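First comes the structure, then the notes that go with it.
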Amino acid sequence: MAAAAAATEQQSSNGPVKKSMREKAVERRNVNKEHNSNFKAGYIPIDEDRLHKTGLRGRKGNLAICVIVLLFILAVINLIITLVIWAVIRIGPNGCDSMEFHESGLLRFKQVSDMGVIHPLYKSTVGGRRNENLVITGNNQPIVFQQGTTKLSVGKNKTSITSDTGMQFFDPRTQNILFSTDYETHEFHLPSGVKSLNVQKASTERITSNATSDLNIKVGGRAIVRGNEGVFIMGKTIQFHMGGNMELKAENSIILNGTVMVSTNRLPSSSSGDQFGGDDWVRYKLCMCADGTLFRVQVTGQNMGCQTSDNPCGDLY
């Protein structure tokens, strides 16, 4: 190789040497190989699939978009609620125009307020200012005050109070009880100025009136007076006015103690003619024993008296 190189240098020093086509091709191939090796120096082939991927891709990207959209919707709802509260409470540069908050826990409304349901806290008080009325109005609906099972309903045509234990009305200044249904401690009295009491059903031990006034019980339909251990009616004069029938029922006996008067003005009378010829009517005669016991005797003929063996008077007849 050294001799060939020396010969080549000797030939080249004498002048250009003509090379064959084969030698030129080999020389060109060697030059290109050397050039390519120099171009790829420091180059390392990298597989992109094996690289660490950064950012949110695939399902994580979709989840991130959903979270962002949800936060945006919540922000819009929060903005709407804030605007509504701002418009209702009327918050301005000088504070709240519709209400005041005090350090003692008092909440004061400075204008007409529209509310649905109010839930006061434990031992809370709802009231008005001094020398001013507290006006509570329901829009075509009753106003209901309720605490547990006790309820006060104020409607357009009536006011109803519902309670399991009872109720009391007292003067807030003097603390005097004006009206109470605690029969064990206070006797039931109608308030001053109240002339009548309208109830559907009343359960009590005794019903009395003043010594100078009458006790009137009036009903539009049917009145039922019932006692678990008997019914006692006492008075200077007792009158029953009925448009229909009066029925007295007792397990043991009915005692009428006093002067008993039966007005026959409204009793039906038979028409003239044959009074005992037809079978459509059954007639009775009202009789009384010496002790005041009333009984009836069926009338079967004319001029019939109360003499019958079947009577509660014993051997009197």
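Note: Cβ is positioned from N, Cα and C throughout, glycine not excepted.
Region 'Disordered' is the annotation Swiss-Prot gives to one range among 1-31, 94-124, 218-248, and that range is 1-31. For CYS313 (disulfide bond), the recorded positions whose C-alpha atoms fall inside a 10 Å radius of its own C-alpha are CYS289, out of ASN157, ASN210, ASN257, CYS289, CYS306. In space, CYS289 is the closest of the recorded positions ASN210, CYS289, CYS306 to ASN257 (N-linked glycosylation site), judged by Cα positions. Checking each of the recorded positions ASN157, CYS287, CYS289, CYS306 against ASN210 (N-linked glycosylation site) by C-alpha distance, the shortest gap belongs to ASN157. In the three-state DSSP scheme, CYS306 (disulfide bond) falls into the coil class. In the three-state DSSP reading, CYS287 (disulfide bond) counts as strand.
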